[in-house]
Amino acid sequence: PPQGPRMPNMTEKGKAGKIQLPREMFQSLSSRTVRVVVTVLNIQQLHMFKEVNQTGRVLDNTVVGITVGETSISGLRDPVQLTFAHGQLPPGVTRQCVFWDLSKGTAGGWSISGCVTQPGDKGTVCSCNHLTFFTLLLNPVLDRSTAQALMAVATAGCGVAMAFSIFTIAFCILLRCRFRLEETLRINLGLHVNLGGSLLFLNLAFLLNSGLCNGTQPWTCKVLGGLTHYCLLCCFTWTALEGFHFYLLFVKVLGTYIHHYLAKLCLVGWGFPALIVVVAGAIGSYGEYRIQTVDHQVIARLCWITSKHLLVHYITNCGYFGLIFLFNMAVFGVVTQKSCCLQATGAVQGDRKAWKVALVAAGLFCLLGATWALMFLTYGTSSAPVLYIFTILNSLQGIFIFIWLVVLYYPKTKETTGSLSHIIRHDKTATVSQD
């Protein structure tokens, strides 16, 4: 830094740190005078030591560099000891002593080779057998047992979700055949069939991915990764189309009187994700993705977007779903508010118990893909409980949608051929009469 190095005896928060150099280092230098330089850098201000796709966080954004003379010192029998002082660390992280290894990647990266981590209540001691730039990395917790348990839960949940997705598709097809003259109901059920189909394909792709990725050829893994990505994007797109459809039904008075309406939705729901996957595949985004522990042990391998192209994941998955989530939650608020108003004014007749209303609202919440929003709380696998909740809820999304459809449509088929259709017809009639 322009002001020169500063001694690391005190951090900005008043917590003492310490560096202890071994006697062995100075015995070999007893015949000459050398300069010992200790440099403390704030990497946030200097924009240095940024590893590609780094998930861990540097403690206080502080990196400590140690040099003795102009020679490279390594292979010490007595290690250099650095004490990083800190208070109580946030939950869900593990400490790891690392150094900057210039041989990793194109610009370097953090490595643990030759360093031992000794955690303490008020500080962490890093013992390393060489001199370079060191820091304490706070990594999100993901041990082998947690990862294996999550994989087992996801696999079991996907199997159950596939079965209920088939039930959902069959239930909707039966209702469509029974009420052929109810155009609004047929469009509703057609949308649900496509959403159920996207969930079925997504769960099937995940099971194939987790079962076939080990030992596959590179081109096979690329195809499987692209297929999994396509199924995920289809699922997101159909939740957006469900929200768009509800917007037309409950907000737009004209409803869904559009020529070849369902066919156009299918073109978007299945065609737009294919376009994204083709573009991502053209730049080589798919391949083997490794799930690793904090000590870089490989837990599982998946055919997915590779670590070198995580920007594709952030844009096409996180960013794309973020926009869909905001729109669908706005639609959910409008639909819920209008339904409550119709209930309060007595527009909807019939036995509407409170638990049924709550269940319908919760099912609509899942139908619009709200359970996927937990992905924004699992960045870097920072919380094991959130990971479990995210895995369980999304693997069982097919069950929630099936229960929602049965509660919403079946009790009313004999009377009004679906409570949604009844509410929509009444709402349109009331609006036209007011006009």
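Glycine residues also receive a Cβ, built from the backbone N, Cα and C atoms like all the rest.
What TrEMBL records for this protein:
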type	residues	note
DOMAIN	1-144	domain 'GAIN-B'
DOMAIN	154-409	domain 'G-protein coupled receptors family 2 profile 2'
TRANSMEM	149-175	transmembrane segment
TRANSMEM	187-207	transmembrane segment
TRANSMEM	227-250	transmembrane segment
TRANSMEM	262-283	transmembrane segment
TRANSMEM	314-336	transmembrane segment
TRANSMEM	357-380	transmembrane segment
TRANSMEM	386-410	transmembrane segment
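On the 0 to 100 pLDDT scale, the model's mean across the domain 'G-protein coupled receptors family 2 profile 2' (154-409) is 82. With a cut-off of 8 Å between Cβ atoms, the residues of this chain six or more beyond the transmembrane segment (187-207) that come close are 154-155, 158-159, 161-162, 165-166, 168-169, 172-173, 175-176, 224, 227-228, 231-232, 234-235, 237-239, 241-242, 245, 256, 261-262, 265-266, 269-270, 367, 395, 397-398, 401, 405, 409, 418, 420-421.
Proximity of distant same-chain residues to the transmembrane segment (262-283), defined by a Cβ-Cβ separation under 8 Å and at least 6 residues beyond the stretch ends, is recorded for 187, 190-191, 194, 198, 222, 226, 229-230, 233-234, 236-238, 241, 245, 305, 309, 312, 316, 320.
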